[in-house]
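What follows is a short report on a single structure.
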Ligand SMILES: NC(=O)C1=CN([C@@H]2O[C@H](COP(=O)(O)OP(=O)(O)OC[C@H]3O[C@@H](n4cnc5c(N)ncnc54)[C@H](OP(=O)(O)O)[C@@H]3O)[C@@H](O)[C@H]2O)C=CC1
Ligand SMILES: CC(=O)[C@@H](O)[C@H](O)COP(=O)(O)O
Ligand SMILES: [Mn+2]
């Protein structure tokens, strides 16, 4: 039985992962999980599963829960996430939002755990450090992000040297049918209305700005070890093809499925095996699949991400931190939708890059560029 821990269990990915574990109790054992501040959701989860350890952000919450659930060990704060990283599970699902996942993910890798990676900001901020640590500790990083899971599946049994390019598909997000001029007056509620996927708030905004695709390009670079110009993006409004790989003989292999994250989550948990699932894709009901070249002038954030990737060093971490900061302010109603892009661009322009940063340097810039975060 594979022993699994979940960091970010109360979120969109986390709750779907709990469902996957409940559907496969004979395959997986849930060892530990972490929550942030959503104690209602955590209590709901703890009524249905029995982890050995639970981490929460706030120590007051820890004390309250400890008396309610005496069979569970509760921990809190940063050291709580470290305790999850150090438990005796075989695999950690990283499903927290943002670069807060970086340090515990590195600790989990150093402890020899395989990683089911949903938390893309970790690879964006410190891809080199994470992939080197994984190699050194003989740890597998299995992508959960739908596009990267698709590519990972397309590449099973293939040779790295025979890849021509990755084609990462993009839904276009909530405002895909609006011009740049029409973005001036869009609302938070509209931005949170993703056409295809039900996800957490931050990633839904990233999808609307196209920063999500930018983060995914950088994530792909680290996961699949390719040249930047081998990683391309394509608008595909149905989100049915989750991504594709083109090989040197021009053959293109794609992975298709419903917009349901349970599939990539379960695949990461069970890899190298596949397990049966409900919710099959009804291929007969697919009347058409649409594709459109990416428009970099319309989706400027994607261009910024390619720039950050080419510059390297601390720049992707700075871009990510500035984006987390700006999206947080947009979610709080403090800035407009287009201000997100302005903030990210300005912070990138101002930053003097440091090449090959260590963890301390990355965490320093991460903190600095989020320092006005309220
Ligand atoms: N949702 C999706 O379909 C997809 C998500 N991803 C990626 O997966 C990650 C999670 O996304 P999603 O599930 O949508 O996000 P959510 O916002 O729904 O969930 C985030 C989780 O992280 C916890 N959390 C947030 N901040 C902290 C913190 N400072 N310390 C500890 N825990 C914290 C939250 O706790 P609480 O709520 O209790 O405060 C919650 O459990 C992101 O990196 C996203 O880009 C990738 C592909 C698809
Ligand atoms: C489900 C998932 O992996 C998200 O990252 C999703 O891909 C967002 O869709 P778009 O960024 O293509 O709108
Ligand atoms: Mn994705």
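Backbone N, Cα and C define each Cβ position, glycine as well.
Copied over from TrEMBL:
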type	residues	note
DOMAIN	4-127	domain '1-deoxy-D-xylulose 5-phosphate reductoisomerase N-terminal'
BINDING	10, 11, 12, 13, 36, 37, 38, 119, 121, 200	NADPH binding site
BINDING	120, 146, 147, 171, 194, 207, 212, 213, 216	1-deoxy-D-xylulose 5-phosphate binding site
DOMAIN	141-224	domain '1-deoxy-D-xylulose 5-phosphate reductoisomerase C-terminal'
BINDING	145, 147, 216	Mn(2+) binding site
DOMAIN	256-369	domain 'DXP reductoisomerase C-terminal'
Extent of the 1-deoxy-D-xylulose 5-phosphate binding site in Å [max Cα distance among 120, 146, 147, 171, 194, 207, 212, 213, 216]: 19
Local confidence of the domain '1-deoxy-D-xylulose 5-phosphate reductoisomerase C-terminal' (141-224) - pLDDT mean: 98
Cα distance (Å, whole number) from residue 120 (1-deoxy-D-xylulose 5-phosphate binding site) to residue 10 (NADPH binding site): 17
Cβ-based isolation winner (fewest other Cβ atoms within 10 Å) among the binding-site residues 120, 194: 194
Distance-selected binding-site residues near ligand 1 (C-beta under 6 Å), from 147, 194, 212, 216: none
Annotated binding-site residues 10, 12, 38, 121, 145, 212, filtered by Cβ under 6 Å to ligand 2: 145, 212
Whole-number Å value for how far residue 38 (NADPH binding site) lies from residue 120 (1-deoxy-D-xylulose 5-phosphate binding site) (Cα to Cα): 22
Among 38, 145, 147, the binding-site residues whose C-beta sits under 6 Å from ligand 3: 145, 147
Helix, strand or coil at residue 194 (1-deoxy-D-xylulose 5-phosphate binding site) [DSSP, three-state]: coil
Rounded to the nearest Å - Cα separation of residue 216 (1-deoxy-D-xylulose 5-phosphate binding site) and residue 36 (NADPH binding site): 24
DSSP state at residue 12 (NADPH binding site), helix/strand/coil: helix
CB contacts for residue 10 (NADPH binding site) [other CB atoms within 10 A, all chains]: 24
For the domain 'DXP reductoisomerase C-terminal' (256-369), the number of residues DSSP places in helix, strand and coil: 66 helix, 3 strand, 45 coil
Residue counts (helix, strand, coil, in that order) that DSSP gives for the domain '1-deoxy-D-xylulose 5-phosphate reductoisomerase C-terminal' (141-224): 44 helix, 11 strand, 29 coil
Residue counts (helix, strand, coil, in that order) that DSSP gives for the domain '1-deoxy-D-xylulose 5-phosphate reductoisomerase N-terminal' (4-127): 59 helix, 27 strand, 38 coil
